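A quick write-up on the structure given underneath.
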Amino acid sequence: MLVDHLGRKIEYLRISVTDRCNFKCIYCYTNQNWKWLPHEEILRFEEIEKIARVFAKLGGKRIRLTGGEPLLRRNIETLIEKLSQIPGIIDLSLTTNGFFLEELGEKLKKAGLKRINISLDTLNKEKFEKITGISAFEKVFKSIDLALDLGFDPVKINTVVIKGFNEDEILELAKLTLEKPIEVRFIEFMPIGKNSLWDEKHIITVGEIKAILERFSELIPDFSFGGGPAKIFKWKFAKGKIGLISPISEHFCHKCNRLRITTDGRLRPCLFSDNEINLKPILREGKGTLEEAFFLALKLKPAKHNLNFTLRPMRAIGG
Ligand code: SAM
Ligand code: SF4
């Protein structure tokens, strides 16, 4: 079992399958000096599967595919099919900007993907384009119902809240849960990848978000799933749930249960630290073992994060 030096049980692996993206979200698409990774630097499907199998053998249970935009990775359903068959992996999920769900959703479901997170920061068409750099609000909004129709369960919406951009829409976004059985999750803006927009002044804390939502109606805590960093609530008469994620105002490092694999095959113990272990010499030159790398990652996992900018942009870490 993977238990780190502070007794944290590690059972969740987030794998970035590409650093490419068709969006340029203002909070993510940062560090313009970061060049696209060359093809040969990117982990191949067999390599990802090997890592996932060792993770599962060591007690890992959950895997999420992310990026960049994971649906830009060609034949992603092939990888999903392989990962979904690994004994011990009980939860396989994916985070997407939703743009390609119409084309790929069915294939993903058939391949064994159980659940999905879609990022959506606004309900306003113009603002959507301002935030993401692409005019695709309708397409992305439609992908929520599509994901529900395809039977992904749960379907979660990730919303990064930034002062001056979308804090005026918190209530409207949360109200999506009145009619749809989805979980809308509000995430505090994090300083990843030298983001010139990031400033403590631009953070809306989950405390402030909660206050806005409670003015509408009392939030009832939901303890049915306590495995992740989100605190889950529900309005009494709503079909869906609301998640509040506070990496900044109330960090949850003491119960962090995850490791990350970057697109170019680095095992990253903490989102906020560029301290990584390169798995490619193990995978491609037989130098050392993946087991040793996982145990080293446990030792390197910091007790808590500092609010340092990371060298890598979010899309090359795997958010
Ligand atoms: N492209 C996919 C998407 O947008 O869902 C997956 C990758 S994206 C990096 C994963 C998640 O990270 C998204 O929900 C995004 O909103 C979040 N994210 C990116 N930059 C962030 C930041 N600076 N602070 C908080 N969340 C961030
Ligand atoms: Fe692309 Fe996702 Fe980053 Fe937006 S948040 S730029 S969609 S990787």
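Placement of Cβ uses the backbone N, Cα and C atoms for every residue, glycine included.
Unlike curated records, TrEMBL annotations are generated automatically.
Annotation comment: TrEMBL describes Arg14, Arg64, Thr95, Lys156, Arg258, Leu259, Arg260 as GTP binding site. Around Thr95 (GTP binding site), taking its Cβ as the centre, 21 other Cβ atoms fall within 10 Å, counting all chains.
Cβ neighbour count for Cys28 ([4Fe-4S] cluster 1 binding site) (all protein chains, 10 Å cutoff from its Cβ): 22. Look at Cys28 ([4Fe-4S] cluster 1 binding site): DSSP puts it in coil. According to TrEMBL, the feature [4Fe-4S] cluster 1 binding site maps to Cys21, Cys25, Cys28.
The 10 Å shell around the Cβ of Met190 (S-adenosyl-L-methionine binding site) contains 23 further Cβ atoms across the protein chains shown. For Tyr27, Gly68, Ser119, Met190, the entry in TrEMBL reads S-adenosyl-L-methionine binding site.
The [4Fe-4S] cluster 2 binding site feature in TrEMBL is assigned to Cys253, Cys256, Cys270. Long-range Cβ neighbours of Cys256 ([4Fe-4S] cluster 2 binding site) (same chain, at least 6 residues apart, Cβ-Cβ under 8 Å): Arg8, Pro229, Cys270, Lys301. In three-state terms derived from DSSP, Cys256 ([4Fe-4S] cluster 2 binding site) belongs to neither a helical nor a strand segment and is classed as coil.
Summarising the annotation, TrEMBL assigns domain 'Radical SAM core' to 5-229.
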- Message: Quick check for the class: what is the C-alpha distance, in angstrom and rounded, between Arg260 (GTP binding site) and Tyr27 (S-adenosyl-L-methionine binding site)?
- Response: 20
- Query: Of the binding-site residues Cys21, Cys25, Met190, which one sits closest to Arg258 (GTP binding site) when you measure Cα to Cα?
  - Reply: Met190
- Task: Consider only the binding-site residues Cys28, Thr95, Arg258: which of them have a Cβ under 6 Å from an atom of ligand 1? Write none if no residue does.
- Result: Cys28, Thr95
- Query: Roughly how many angstrom lie between the C-alpha atoms of Cys253 ([4Fe-4S] cluster 2 binding site) and Leu259 (GTP binding site)?
  - Reply: 12
- Query: Quick one: what's DSSP say for Met190 (S-adenosyl-L-methionine binding site), helix, strand or coil?
  - Reply: coil
